[in-house]
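Taking it in order: structure first as structure tokens, then the write-up.
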Amino acid sequence: MFQALYSYFWWERLWLPANLTWADLEDRDGRVYAKASDLYITLPLAFLFLVVRHLFETYVATPLAGLLNVKEKVRLKATPNAVLEKFYAATTKHPKQADVEMLSKKSGCTVRQVERWFRRRRNQDRPSLLKKFREASWRFTFYLIAFIAGMAVIVDKPWFYDLREVWKGYPIQSVLPSQYWYYMIELSFYWSLLFSIASDVKRKDFKEQIIHHVATIILISFSWFANYVRAGTLIMALHDSSDYLLEVAHPLCPQSAKMFNYAGWRNTCNNIFIVFAAVFIITRLVILPFWIMHCTVFYPLDLYPAFFGYYFFNFMMVVLQSLHIFWAYLIIRMAQKFITGKVVEDERSDREETDNSEEEEEAAKNGPLSNGHPVLNNNHRKTD
């Protein structure tokens, strides 16, 4: 039965145009073609990426955070309370008003104290600023290097300038060593992101991120199986062109945006955010659908009838494009706030919850607070 499923899965009509077989893609005369077995190396490479990431975050990103003066906010800790902790862990982190009143009776706390306890407890579980900075630094470094490497791989190729060249001679197109390693490294990196997503900073688009990583892995793998390598290198380089910016300036967008945002460089963040928003919209909402997807949807039909692989590849492209539209919507919302002078925040991030007004009120009555309790002033002058 396993052999039957294996044979059906690799049936040529699923992966290749009519009148072509896997034998046509066997290495010969010094020409090397993409093979499914090549992708086995991506799993051990993914785990290697996790090791490299740990070393990078420990020995590069952490010292860099110190140099950029990335500081943690002082978070008030929730006072230990078994009743509230049990409800928090087993039921919900956001109790309704009826739940708050019920917990108030059970715990012996006032309603206000219960509400404050849950705010502080939620804040305790939020990832630290240093963790966010380290993650953003790692992704920024990879995406920047990947973009530079990707451009080096494709900039001298004729299909970079003429998209019809993408399909010239398809699928009998040999693979260069540079294309092989570009594919293996990109796919390995996305495997590593998928493996670490449970422990990484979770944002409001957590489900969309999982869909994105899975769709990207499937798309890269399939494009390798079906020898859509030329189109694949263009798509990967196009994505990397804006991804590295995402981590530099703003929490939602560029990786560099995030890094500078965590470091408190607000003006730098805002400037990079503008650049990122422009690059993202141009590459993901203009070039990808109107150039790249036009190339993958229409040009192949001039060479061969549509087959399953053709439909599947373009379906996965539509999935990715849908996610791009979703993220573009968030970016435009941020840009609108930026233009109107409102504070630009990461639309995907949970906001830090505060109880400043309550703390100030209690401080006025009882003096400064420490972890929710008045600080005792023992510096009274002794009297005779």
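Cβ coordinates come from backbone N, Cα and C, glycine included.
Per TrEMBL, the feature transmembrane segment maps to 39-56, 140-160, 180-198, 272-292, 312-332. Among the features that TrEMBL reports, domain 'Homeobox' is placed at 67-128. Residues or ranges marked as DNA-binding region in TrEMBL: 69-129. The feature domain 'TLC' is assigned by TrEMBL to 131-340. Among the features that TrEMBL reports, region 'Disordered' is placed at 345-384. Annotation comment: TrEMBL describes 352-362 as compositional bias 'Acidic residues'.
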For the domain 'Homeobox' (67-128), jot down how many residues DSSP puts in helix, in strand and in coil. 36 helix, 0 strand, 26 coil
Local confidence of the domain 'TLC' (131-340) - pLDDT mean: 86
